[in-house]
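In TrEMBL this protein carries:
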type: ACT_SITE; residues: D24; note: active site, nucleophile
type: ACT_SITE; residues: D26; note: active site, proton donor
type: BINDING; residues: D24, D26, D245; note: Mg(2+) binding site
type: BINDING; residues: K220; note: substrate binding site
Amino acid sequence: MSTRLSSAEDYASLIDKYDTWMFDCDGVLWHGDRLIDGAVDVLRLLRNRKKSVLFVTNNATKSRKSYKGKFDQLGVEAHVDEIYGSAYAAAVYLSSVIKLPKDKKVYVIGMAGLEEELRDEGVSYLGGTDPADRTLEPFSLANFVLDESVAAVLCGLDTTINYTKLSKAFQYLTRNPGCQFLVTNEDSTYPSADGLLPGAGAVSAPLRFALGKDPVSIGKPASTMLDCIKAKVNYDPKRTIMVGDRLNTDILFGKNGGISTLLVLTGITVEDDITGPNPSSIIPDYVTQYRR
């Protein structure tokens, strides 16, 4: 059963118990371009108490450097090396985990931020924001030239997704031997200032259906993201807590990584998801009383 936090004493005790605080961003710190009330105050309090603050997001449209711009715009203190996005984790996975050979490439379904992280990690790619792929013209195999050096397809959130991109990705995955199918994250939706929109998981869904297999997921709740953090940050799992608004990503990420979890009801998850007639089997360690 989750511990409900309501009094000042509850929160003071929680702060004393944990040294490293990992925060999701969308739905926890902000909605679109609107800050969530109290978010900046909480972060300031933690920093004043000498706590380590990290931002762990499945956002794959921005690089860490560009994502830092959003923190600055909203007046949220953050440093680039405190930000761990799924775009960065995907690039590190390719360069340092599977060690993609330098003569191999990645076909990207995604946006400029994902490309930037791949470049910074020395990973060669094609697709992505290439104007040739941003077309509504019918795709034809007769006009397609297979690049045999493509060894992986990486799919992230892409707001210009189209049939050409899906078709090219499908060709590489079915015709290039050993080509790996990777996704930055499997979020079905993401919260914007005006409501939910389809997420990276929805973008990759047609490929999953066509291929009849699931991809390797890099972002939350997969342990790959935590492996990336472990390589950069020295922390004690027993004194670390993940703060998030989604049970099946943020909270499950914490559970999978052996760290404590705090669910906030300011984003995706609502009270009925944890106490309703069909509650989730994913149980956070703590739940805040504050609601959106």
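Glycine residues also receive a Cβ, built from the backbone N, Cα and C atoms like all the rest.
A map of TrEMBL features onto the structure.
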| residue | record | CB count, 10 Å |
| --- | --- | --- |
| D24 | active site, nucleophile | 25 |
| D26 | active site, proton donor | 22 |
| K220 | substrate binding site | 32 |
| D245 | Mg(2+) binding site | 24 |
K220 (substrate binding site) and the residue listed as 'active site, proton donor', Cα-Cα, nearest whole angstrom: 13
Cα-Cα distance linking D24 (active site, nucleophile) and the residue listed as 'substrate binding site', given in Å to the nearest integer: 10
Helix, strand or coil at D245 (Mg(2+) binding site) [DSSP, three-state]: coil
Distance, the residue listed as 'active site, nucleophile' to D245 (Mg(2+) binding site) (CA atoms, angstrom): 8
Listed in sequence order, residues not in D24, D26, D245 with Cβ within 8 Å of the centre of the Mg(2+) site Cβ atoms: C25, G27, V28, L29, T57, P191, G244, R246, D250, G267, I268
